[in-house]
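Only one structure is covered here, and it is reproduced in the block below.
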Amino acid sequence: MKQLENQQVARWVFFCQLCSWFTWYCCTRTLTNTMETVLTIIALFYYPLEGSKSVDSVKYSSLVALAFIIRPTAVIPWIPLLFRHFWQEQRKLDLILHQFLPVGFATLSWSLMIDRIFFGQWTLVQYNFLKFNVLQNLGTFYGSHPWHWYFSQGFPVVLGTHLPFFIHGCFLAPKRYQILLVTVLWTLLVYSMLSHKEFRFIYPVLPFCMVFCGYSLNHLKTWKKPALSFLFLSNMLLALYTGLVHQRGTLDVMTHIQELCYNNPNNSAASVFVMMPCHSTPLYSHVHYPLPMRFLQCPPDLTGKSQYLDEADTFYQNPLSWLYKEFHNNSTLPTYLLIFNVLEEEISAFLISRNYERTAVFFHTHLPEGRTGSHIYIYERKLKGKLYRR
């Protein structure tokens, strides 16, 4: 933005990006969407926008190709940008033959060789990604939303309090930035056609939006200071809440399990069973201890069964019956059970009959929903009147 405009506009765009609550929320997590977004930002630096002094077709196409290899959806926002570049390029054949094709061939070959080494056979993971998420639409197994969700909920939530500034900036920004607005709308439309939707999927368009937000702030005169205070405070409060408070229990409980392991190194027979919706907690990435751990599985159905139920769904149909059937032999009972508080009453008979005692409680969220409760309970099994831990 400093190249395209000036230091002042660049400062406001940078401010908007850094104070975005969603930037804080996503960039601190090991999501491929974060890398996809970072590579998109760097590629934009070399993209031939009018007025740019750092145009390099090989560099920006290489970064786009790398982002595509990491996460195939990275190409979605770049489709209108690539077409625009091709349309405005006078030497179209040279652009394709000497830049796009060599970069694409080298990157895809590199990806194929790496996957050949690790899979043990030739595998085109980009096709598998397309087949799973689009052709077979198996992403719906993890939830689905109506087509308008990104427009009615997803995009407004991701932008947050930047939304009015984004709308204002759309009317103020020069005509050459229309391609960025087209890219945002195109990305939202494409993702709207997929049933499974998540906020993080549209994270790569956030930097595009901040260009317009920066223009809005740059043109404010009388209300600039109140606007800056409003943006900063509203986003920081939301960033701190979602980063430090909301749904923190699943991390805290694993830290507690780690402490139990290191405080009781002689307890080699201990084990953990996580009775929560699958993938609720991390495992060894936080515990770092050779402790047998198990959680409810929820693999997608790849066989085409009409009445498919994963382990987690089967469990939640009748938790008490499932537990008695699964642990009919006391020797197989885990030492620690991790549950959300909403499950406690339903399985209380099992907990009492198998001598489990609640030993720790962790706050999780102020917004419990369905199978996810407001608190997480740890139950430990008594053995001959003593607890496993000290």
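Glycine is treated like the rest: Cβ placed from N, Cα and C.
TrEMBL lists 21-48 (among others) with the feature transmembrane segment.
Look at TrEMBL and you will find 60-83 (among others) tagged as transmembrane segment.
The transmembrane segment annotation in TrEMBL covers 95-114 (among others). Here the transmembrane segment (95-114) has Cβ contacts under 8 Å with residues 57-58, 61-62, 65-66, 68-69, 85-86, 89, 122-126 of the same chain, all six or more residues outside its ends.
When Cβ-Cβ distances below 8 Å are used as the criterion, the transmembrane segment (147-167) is approached by residues 16, 20-22, 188, 191-193, 197, 199, 202-203, 206, 209-210, 212-213, 216-217, 227, 230-231, 234-235, 238 of the same chain, each at least six residues removed from its ends. The transmembrane segment annotation in TrEMBL covers 147-167 (among others).
Under the heading transmembrane segment, TrEMBL lists 179-195 (among others).
Beyond the ends of the transmembrane segment (201-220), by six or more residues, the same chain brings 1, 8-10, 12-17, 20, 22-23, 26, 31, 33-34, 36-37, 40-41, 44, 73-74, 77, 150, 154-155, 158-159, 162, 165-166, 168-170, 172-173, 177, 180-181, 183-184, 187-188, 191, 227-228 to within a C-beta distance below 8 angstroms of the stretch. As annotated by TrEMBL, transmembrane segment applies to 201-220 (among others).
The list of residues near the transmembrane segment (227-244) in space but at least 6 beyond its ends in sequence, with Cβ under 8 angstroms from a Cβ of it, reads 15-16, 19-21, 24-25, 28, 160-162, 165, 217, 220. Look at TrEMBL and you will find 227-244 (among others) tagged as transmembrane segment.
Residues 49, 76-81, 84, 133-134, 137, 139-140, 144-145, 147-151, 154-155, 170, 173, 201-202, 204-205, 208-209, 211-212 of the same chain sit 6 or more residues outside the transmembrane segment (179-195) yet have a Cβ under 8 Å from a Cβ within it.
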